[in-house]
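A.B. asks: This is the structure I have questions about; it appears just below.
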Amino acid sequence: MFKKAIEAKSHQRLSGADRKKLKRTIRDRFPRASDADIDALLPPKAEITVSKFVNRVHVYGVEGNFPMFFDVDGRGSEIFPTVFALWKVPEMLPSFILKGGEVSQFVIGGADLMFPGISIPAEGLPSFLVGEPWAVKVPGNPAPIAVGSTTMSTAEALKAGLRGKALRITHYYRDLLWESVEGHYVPNAGFLEDVVFEDPVFLSSAPVPDSSESSGDSSNQENVGVDNKEVGELADVKDPISDSHPTSKTQLDSDTDTVEQVTKAVGGFKVTENIAADESTTVVEEQHTLSAEDVDAYLDKCLLQALHTTVNDKDLPMPGSTLWSNHVLPCRPSGITLDIKKSSHKKLSKWLQAKSSAGLISVKEDKYKKETVLFSVNRSHLDYLSFKPERRQEQKVDQGGDQAVKETRSPKLLEVSEIYKPSVHVNPIFASVGADTGKLYSASEASDVVFKYIEKGHLVKTMNKSIVVLDPTLCDALFKGAIKKGSAYPTEIHKKDLGSTFVSRMQAHHVVTRGSESVVRKGSVRTIQIMTERRQGNKKVTKLSGMETFLMDADALASELQKKFACSTSVSELPGKKGHEVLIQGGVIDDVARHLIEQYGVPKRYIEILDKTKK
C-alpha cells in the first residue's frame, strides 16, 4: 500500500469531536488495547493530525509527523496501527512469529505472508477470522516488523493444509509510511535497523525469550521486551541445530562479538505491556511546551516572515483565519507547535489587534462574520524594515526530494494545467503594461497583469482599499458585451472578484503533460466518461471514453484492463472522429475509475461516472 510515492492532498488537525470518534473506533477495533495504551499513542494534550491521500488512505499521527494509525478506505472500517505505534504498544495486536530471518527479508520487502513462513506454536494454530488485523514478529524480538489483515479463517487455513496466503501486508518496516518518521525520534531505531532486520544470525538463531527461564526481580519479569541479560545470553544459548551442524555453530561463535556490541544499544529499548498515560503525556509536553513569552516571540517572527514572503497587497483584505492557517503557521520552524491559546494574547483577534495598535498592520472587525480582517500592511514600519526573512531551507530539500521522486516514478506521471490566452477584450490591458498578447498565461499570471495595470493607474479607492475604481479601458475589458442592453455598467469592483472576472474574459486553454509528451489544446479539459449499462441476458458492460484527453492509448489501455480484471475488452471508434471507446465486459465502473486515478494519475474531478444499472 505504501510502496509507491503518493502525495497527500490535505493535512489538517482533528477537532475535539473527531478525536473522540477516532479513539472510539480504535477502542472497538482493538479490544486488546487499554485506555492507557490508546492515550500513550494519542496523548490527550497533543495535537492529532490527519493526512488524506488521493488513494483514500487517511494517516493519523501526533503533530510532529509521528504516524500512529492509518485508515485504508478513509471510512474507519479498516484502520491499522503503524509499526511505529506497535513498537510502543506491541501487544495491541495478535502476532504471527516467523520461522526465521530468511522469511523476514521478503516481508519487509513488501511481500505478503504465507502460511509456510509462520512458526506454528505447540498448542496449534491460533484462532482468527477473515479480515482481522495481525502483526508480524521475528523470533526473539517483541517489536513487530509488519501489519496486515488475515485472508482466511483458522478453519479455512487448516482445511487448505496451511498453504497459501495468511496475511495481506498493508504496512511494513522501511516502506514509505515508515520513511515519514525519518529524521524524528524513533526508540532505538539504530539497533533495530542494524541488527534485528539485517543480522541473519540474530534473526534465525535467537530463540523466543521464555519468561519461565528468565531470572531477575518480579518487575523485570512483567516486561515484555529484551533486556541486557537476555541479549547477552544469545551467544550462550544451546541450539540443537548448531550441535548437529558444526558450521552453524562456528558462524554463531564468530558473531559473538557483534552480539556483545549490541548489548549496550539494546539496553535502552524496553517494550512494556502497559505504558502509563501520564508518563507518555509528560514526554510529549516536555518536547512541545513553550512559555508564553516564547510563543509570543515565535508569533511575531512568523508574522513578519509571512508578510515578507507570502502576503501580497493584492490579496487584501484577508480574513484573520486565512492569515493564520495559510501564512503564519507554514512559517513556523520545524518541530515547533504554535498554539495561540498558549500565548499572552490567548485569542487570534487580540493578537492581531495588538499588532494593529503597534502600527505594523491595519485590521478591522467584521460585524457580520464576527472575525478580524487584515486590511493593509505598513511596509515602512521599523519592525518590518529591520526583519530579514529566512530562506526556507526545508523547501529546497523538499524540491530536491520531489525531483528525485519524479525521476524514479513511472513515465505515466500526468500533469494537467489550465492556461489562458489574451482575447480582444483584455488585449488593451496587456498592451498597457507591456505584456505579450500572444503568450499563454496561468490564472495567477493573468491576475498579476490586471493588478499591475491597477497599480499603474492608481485605481484603488482611497477610502476603501478593497475596492477598485473602473476606468473606461478596464470596464470594457471586464464587462463589454456581457452587460444587457439598457443596463448601466458598473463603476467599481471588489478586489476578490477582479482576478476571476478578468480570467473569465480570456480564451481558455489547457496543457496535458505525460512524461516527455506534452499537448496544448483550446477550451477547458474534457472529462473521461465511464458508464455501466445492461445488455441482453441481464449482463453488465462498462464503457470508457475520453481517455485521449490525457494522452492514453485506447488499445494499450484495453489490453491492460483485460489482464487486470480478467475479462474481455474491445475498442471501437466513436462517430464523428471524437476518439475511441473501450468496452469492458462486467460492472467494473468503480475499479476502472480507481485504476485511472492510481495508475495514470488522472485527477478525480476529471472522471465522470454514470451507473445505469442502479434504479
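The backbone N, Cα and C atoms fix where each Cβ goes, glycine too.
From TrEMBL, here are the annotated features:
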type: COMPBIAS; residues: 1-10; note: compositional bias 'Basic and acidic residues'
type: REGION; residues: 1-20; note: region 'Disordered'
type: COMPBIAS; residues: 206-219; note: compositional bias 'Low complexity'
type: REGION; residues: 206-259; note: region 'Disordered'
type: COMPBIAS; residues: 227-242; note: compositional bias 'Basic and acidic residues'
type: COMPBIAS; residues: 244-253; note: compositional bias 'Polar residues'
type: DOMAIN; residues: 528-600; note: domain 'SUI1'
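Mind mapping these onto the model and telling me what they sit next to?
C.D. replies: Summarised by DSSP class, the composition of the domain 'SUI1' (528-600) is 28 helix, 26 strand, 19 coil.
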A.B. asks: Calculate the per-residue pLDDT averaged over the domain 'SUI1' (528-600) and state the result as an integer.
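C.D. replies: When the pLDDT values over the domain 'SUI1' (528-600) are averaged, the result is 89.
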A.B. asks: Any residues 6+ beyond the ends of the region 'Disordered' (1-20) with a Cβ under 8 Å from its own?
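C.D. replies: Contacts of the region 'Disordered' (1-20) (Cβ under 8 Å, skipping residues fewer than 6 from its ends): 42, 47-55, 57, 59-60, 63, 72, 110, 170-171, 175-178, 405, 408-409.
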